[in-house]
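Chemist: According to Swiss-Prot, the protein carries these features:
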- H1183, H1187, C1211, C1214: Zn(2+) binding site (BINDING)
- 119-128: compositional bias 'Polar residues' (COMPBIAS)
- 533-602: domain 'Peptidase A2' (DOMAIN)
- 1224-1375: domain 'Integrase catalytic' (DOMAIN)
- 7-31: region 'Interaction with Gp41' (REGION)
- 111-136: region 'Disordered' (REGION)
- 191-228: region 'Interaction with human PPIA/CYPA and NUP153' (REGION)
- 279-365: region 'Dimerization/Multimerization of capsid protein p24' (REGION)
- 432-500: region 'Disordered' (REGION)
- 514-518: region 'Dimerization of protease' (REGION)
- 562-568: region 'Dimerization of protease' (REGION)
- 601-613: region 'Dimerization of protease' (REGION)
- 839-847: region 'RT 'primer grip'' (REGION)
Amino acid sequence: MGARNSVLRGKKADELERIRLRPGGKKKYRLKHIVWAANKLDRFGLAESLLESKEGCQKILTVLDPMVPTGSENLKSLFNTVCVIWCIHAEEKVKDTEGAKQIVRRHLVAETGTAEKMPSTSRPTAPSSEKGGNYPVQHVGGNYTHIPLSPRTLNAWVKLVEEKKFGAEVVPGFQALSEGCTPYDINQMLNCVGDHQAAMQIIREIINEEAAEWDVQHPIPGPLPAGQLREPRGSDIAGTTSTVEEQIQWMFRPQNPVPVGNIYRRWIQIGLQKCVRMYNPTNILDIKQGPKEPFQSYVDRFYKSLRAEQTDPAVKNWMTQTLLVQNANPDCKLVLKGLGMNPTLEEMLTACQGVGGPGQKARLMAEALKEVIGPAPIPFAAAQQRKAFKCWNCGKEGHSARQCRAPRRQGCWKCGKPGHIMTNCPDRQAGFLRTGPLGKEAPQLPRGPSSAGADTNSTPSGSSSGSTGEIYAAREKTERAERETIQGSDRGLTAPRAGGDTIQGATNRGLAAPQFSLWKRPVVTAYIEGQPVEVLLDTGADDSIVAGIELGNNYSPKIVGGIGGFINTKEYKNVEIEVLNKKVRATIMTGDTPINIFGRNILTALGMSLNLPVAKVEPIKIMLKPGKDGPKLRQWPLTKEKIEALKEICEKMEKEGQLEEAPPTNPYNTPTFAIKKKDKNKWRMLIDFRELNKVTQDFTEIQLGIPHPAGLAKKRRITVLDVGDAYFSIPLHEDFRPYTAFTLPSVNNAEPGKRYIYKVLPQGWKGSPAIFQHTMRQVLEPFRKANKDVIIIQYMDDILIASDRTDLEHDRVVLQLKELLNGLGFSTPDEKFQKDPPYHWMGYELWPTKWKLQKIQLPQKEIWTVNDIQKLVGVLNWAAQLYPGIKTKHLCRLIRGKMTLTEEVQWTELAEAELEENRIILSQEQEGHYYQEEKELEATVQKDQENQWTYKIHQEEKILKVGKYAKVKNTHTNGIRLLAQVVQKIGKEALVIWGRIPKFHLPVEREIWEQWWDNYWQVTWIPDWDFVSTPPLVRLAFNLVGDPIPGAETFYTDGSCNRQSKEGKAGYVTDRGKDKVKKLEQTTNQQAELEAFAMALTDSGPKVNIIVDSQYVMGISASQPTESESKIVNQIIEEMIKKEAIYVAWVPAHKGIGGNQEVDHLVSQGIRQVLFLEKIEPAQEEHEKYHSNVKELSHKFGIPNLVARQIVNSCAQCQQKGEAIHGQVNAELGTWQMDCTHLEGKIIIVAVHVASGFIEAEVIPQESGRQTALFLLKLASRWPITHLHTDNGANFTSQEVKMVAWWIGIEQSFGVPYNPQSQGVVEAMNHHLKNQISRIREQANTIETIVLMAIHCMNFKRRGGIGDMTPSERLINMITTEQEIQFLQAKNSKLKDFRVYFREGRDQLWKGPGELLWKGEGAVLVKVGTDIKIIPRRKAKIIRDYGGRQEMDSGSHLEGAREDGEMA
C-alpha cells in the first residue's frame, strides 16, 4: 500500500477530486480510483511506483496506448485514469477525463512522437519504427523484424492465469497481452502455463477443429510458381508447420495479407471462453441474493458471473438493469423499487447497506459508533493514522497482551472484573440496540449508583448492576427455566416454562404455553405499571424501549444507538410488566422510538425462547401383489454427461434426506436415466418404474376430478397457495423402500456403481398420487373441522382458501394453515402465494365476486398441421365452459381419417368461417358467477341449425357456467336421443359440481318425449327433472315392429364392393322368387348394403319383412334416425315413413342361410376377387421393353406400388450403385442453393430448392453474416432443409451462418474452385428472377415489393418441368411422396422378415423358402430367385424367419431399449 498511498498527496489529491469522470457529469474522481489503477498495473507487468511521477505515467501510457483501440473496457478505464494522474503531475488544469486525454495526446506527440493515431481495424499493422508500439514485429529500415515477447509480458500472463484460475478476466487479459503477436509468440504464451493442462487440452482441441475447418474452407489452389509464398494452412496458422518469417510475410505482404496472428488469437479466445464456462459453471440466472446476505456481497457475485457471460454489451446492460433487482431478496427488492427507474449502482449499494444478517448489522453498528465516538475522519486514507495497540494486561500502548512481559493480571481483560475470563464477559455480547454513555456529552449526564455503567444484558430481577455471583445466579436460573419445557398442543410443539421468581408463580405442567407464528410480526399487548402498550417481541434486541407512557421521575438518562440513529431515553428499573397474564419486574426505557420493543432482558424473564416445531407424517404401509417380487433389472449404460448429472442430483437429494444409500444386501434394481429440461441447461432424473408398478398393489385415485370455480360459494376473501416439492415431502414406508433401489454406473466400470433407495414418494411410481391425496386429506381434515365457515379447495398441490371473515381474521387462518403445512415438512413458496386478486388458479382467474378464464389467444398461422388443429380444438373446448356459442364441428372435420400429427391441413370455407366466429366470441370477455345455495339452479338447453346443442346453468340472470354438446357418435342420429344425452351430461355435471339437479328448460313436447322414453328408457340414465317446454323440435316417427309380419313379403338384401376398382353391386331376393341387382361405381361395402336396403324399401308394399346381413344397416334402422348427412340414409328415412309396418332382422353372412346365400352369390359375381394379379406379368414385360419406373407401372397397370417397386428392383439395368457422377447437381429433397445478387443498388438474397425449382428471396440491408443467418432461419422454419450449397462469400462462411446451420442440423457445402457451375441452379434462378422483375416492374414502386411479387409469379404461375406442375405444387408433392415412401419402406421391411413354403399344381412336395412380397386375401406374391410367383393362400405356408440363434444375452441393455420380458 505504500506506493498507492504516495501517488498523490496534499493539493494533488484535492485536485484529483475536482476532476469529473465524464464531461458534464456529477461523479468525480476519488482515491479509490488510484488504488484500483495501481492494482490493475500488475496485470501488465508494470510497477505501481510508476504512478508517482510524470515520467512514470508517461512510460505507462507508452505501453497502454497501442492496446486501447482493441482493448477491453477495463483497459480503457486504466488508460483514462493514468492520463488524469499524468495531468495532475504535470500541473495541467483539466475538468474531466476527455480533457485529460486530449492534453496527453498532444504532449506525447510533441515530446516523443509516440501517440500517433492507432489503426481502426483489428488487423495488426506494424508501426513505422521501433518506438512505435508494443508489437513483437517492428518495421526497421523497410524490413519487418521479430522481437520476442519480453519476460515481463509472459510473467503478467502466467500471473493472470494463476490468480484468476480461468476466470472471466482471462479472456480480455489475453486479448490485451497478445495484441499484434504472431502464432509463434502466442504458442510461447501457452507453453508458459505449467498447470491447468486440462484447460490447455481443451484449447488444443479447439485449435485442431478450427484448423481443419480452415483447410476445408480454403482448399489448396494448385501448384505454385517457384519462389512464390504458399498460402497458409490450418497448421501454419497454429504455428506448428510454419516459421516466424513466413508468419510475418503472410501478415504484412502488400497483396492479400492473411492476419494469421489475429486468426490464431480468435481460435485461442474461443478455447478460453469454453474454459471460462467450464471453470465458472454458475449461470447468471442462478445468482440470487440469500435471505440474510448483504447486498454488496450479492452484487460482487453477480458481476463476477456477468463477466463470465460471453454476450453483447447490450444484453449485459439489460441483465444489470433487470436481473440485479429481480433476483434480490424481498427486503432489498422493496428498497430498490423505491429508487425509481434505472438507479445507479452506487445508489443501490447505499440504499441497501442496512439490509442483511446480524453480521452485516454489527459491522454497520460499529461504523456508526466509530463516527460518533471517534475523531473526525481525515479526508484521505494516506493521511489517516493507524490505531495504536494497547495491552489489556498492563495498560500500556505499543504491544498486545500476548507480547506483554508483565505478570499476568487476574480477572477479565475486557471489563477488569474478577471471576470470569474475557471470552465469557457479558460486555462482549453485541445487540441490535445498545445503551451506554456515548460521545462528548456522556460525562455530563447523571450516572447511576453503579460505577460499571449501564448494563446491556439486564438480569431477570431487573437489576443493572451487582456482583459477579448475582449475575451468574440469575443467568443459571434463566437457562434452567428455558430448559424445562412442557408439552404444548396436539402436534407435539414445546413451549418454555417460566422460572419460579415471577409474581404469578410456576405454571402447571399440563398447560400449553402461548405460541407465536413468525409469518407476521409477534406483537402483543403488555401492561406496564397498568398502562396497556402494543409491543414487538424482538429476540435480536438486548434491551426494551417503549414510547407514550409515563413512569415518574425516578429514571436515569441514557442514549440508545441503533441502525436508525441515536435517541435519548429514560431508564426505569424494577418496573412491573404483565404479558399474557404473566407478571415480571425488569428494567425498561421510554423514549421516541418508532416501534415499542421488548428485548431479551424481559423475554428471558418471561421464560420465552425460540422453538422449532418438528411434526411428523406417518407413512402408509404398501405391499407388493401376492406372489410378486421387486424389480431386478440391469442398469443400462449411460453417457458420461448423464452420469455426472445424475450424481449431482442424487447427492443433493441425499443431503435433503430424500435418498439414502442402499445396503449391499439389497437385490433389487430399477434402471435410471436423465433427460434435459425445457431450458436445455439442467437435467431431470427419471426412474423407469414400469416393472415396479406392475408388481405393486393397486391404488384408487381418491380425487375423481378437477374442482370448478362455478361450484365455489361466493365469499368475501380468497387466498391461493401452492405446496412445493409435494411428493418429496411425504415419507415412503420403510418396508417398501428397498424395492425403489437404483444404481448410478461409472464410465468404463472404473468403480462399483453407487446405489440409492428412496425415502420419500418417488415420481413415476403409481402409488405416489393416491398417497399424496390421502395424506393431504388427513392433514387438512382437522383444519376444516376447526374452521367450518372457511372453504378449502385442494387439488394436488394447489390450495384455495375462501371465507367471509374480516381481512385480519382471514389472513390469520391462512397463516395458521401455512404454519400447519410447514410444521409437517411441506413448503409453501412465497413466489406462488397469492393474496390479492386476480388469483390464478387451475387455469382460471378468480375475483371475490366473479371468475373468468385466463386470457385465451387463438394462434394466427399461415400453415396449420393436424397437431395445431388438435390444440386449437382443445383450447376452444376449454373456452366453451364460459363463452356460449363456441363451435368446433367443422374444425374437427378437417382432421378426420388417418393423418400424421405434422401433416398440413387444407382448410374449408366452413371451417374458416367457424374459426372467425369463435374469434369474435372470444373477443367479448365473459364472466362467470359463484354459486348461491339459497337460489334456484336452472339449466336451459338450445339447439342451433347445425345440430349442435348448447346449454347454460344459471341462477336467475347470473350465469354459473355454459357448455356445448356435439357428440354425434353416428352420422345418422335421432334428436330425442341426443337430447337425452345432453340432459344426462348436464345432470351428472350438476351433481358433481353442486350436488343437486337443476330445473331443466328443454325444447321438446312432453307427449313426444314420453312416447320415446317408454321404449328406450334403458338407453341411458336421465335425472329427475321439472319439465318446462320451449319451442319444440320436429320429430318424425316410423313404425318399426318387433315381430315378423305374417303374410308380408320377405326381402333378403346384400351388397358387395371391390376395394381396388371401387366397383360394386347391390340387390335383393324375395321369398316369392323376385330378385334385382344394381351395379354401383365409386362405392364402398357399407354404401352397397344401404343401396340394397333402400331398393327393398322402394320395391316393397306398405308392410314388409327385410333380412340383412350387415350390422351397420341394422344399427341405422333400429336407431330410428330423423336426420343424416348421408343422401342414401335420408332416402331410407323417407321410405320408412311411408310404411305402415316394417320388420328388420339380421342374420350372419356367409353361413349358408337360405335367401341370404342366394343374394350373396348374386351380388358377388365378378366383384370379390384380387383384380391386380393378372396384371403382374404384363407389367414385367412392359418393364423389360421400356424400363418404366415405379410410378408408370403402378399408374398404367393398377398394381400396388410395392409390387411395382419389386419389379424395378429386380432389373439389373435399373439399379445404380456407388457415388453420384462427378459434376451432377445434388437434387435430394432437402437440398437448397443460396446466393446474393444485386439490382437497382439493392442486395437480394435468393434460395432455390434444387429438386423443384421453388424459390425464396427477399431484400436485405447488407450482405452480412447476421442477415444471411436470419434469412436461413426463416427458410428452415418454413421448409425442410438438410443441405445448403453456397459460394465462398464472406457472409456464407461467417460464424453466424455456421452457428445457425449447426443448430438446425444443416450440412453446409461451398462452391468448388474453378467450377462456377457448382451452384448453377441458383445462378440461373437469379437470371430468371431479374427477367421476371423486368416484366412486372411497373406494377410496384419499391424493389422490396416487386421482388416478392416476382417470387409469387415464379412459384405459382409457372407450370412445366417434372410432373407438369408449378414449383410450389412440385415441392409439396415431393414432401408428401417422401412421407409415403418412408411408410411403404417400413411396411416392406416387415414383409421381408417372412418366408413362404408353397406347392405348385398337383405336385405334393413343398418348395421354398421364397421371399414374401405381398399378402392378399386369396393369394400371396412370392419371390423365388429372380421369379415372382402367385401362390393361392391354400397352397402356401408363411413362416417368420428368425435367423440363426446367437449365443449371447438376448436382452438389450442399451439406453432407452425395451426388454420384452421385463418392460411393457
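Each residue, glycine too, has its Cβ placed from N, Cα and C.
Mind mapping these onto the model and telling me what they sit next to?
Modeler: Long-range contacts of the region 'Interaction with Gp41' (7-31) within the same chain, counting only residues at least 6 positions beyond its ends with a Cβ under 8 Å from a Cβ of the stretch, are 38, 51-52, 81, 84-85, 88-89, 94-100, 346, 379-382.
Over the region 'Interaction with human PPIA/CYPA and NUP153' (191-228) the predicted model carries a mean pLDDT of 82.
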Chemist: Counting each residue once, how many in the region 'Interaction with human PPIA/CYPA and NUP153' (191-228) are helix, strand and coil under DSSP?
Modeler: 22 helix, 0 strand, 16 coil
Chemist: Helix, strand, coil residue numbers for the region 'Interaction with Gp41' (7-31) per DSSP?
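Modeler: The counts are 7 helix, 2 strand, 16 coil.
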Chemist: Mind checking how the domain 'Peptidase A2' (533-602) divides into helix, strand and coil residues in DSSP?
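Modeler: Counting residues by DSSP class gives 3 helix, 41 strand, 26 coil.
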Chemist: Of the residues in the region 'RT 'primer grip'' (839-847), how many are helix, strand and coil by DSSP?
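Modeler: Summed by class, the stretch gives 0 helix, 6 strand, 3 coil.
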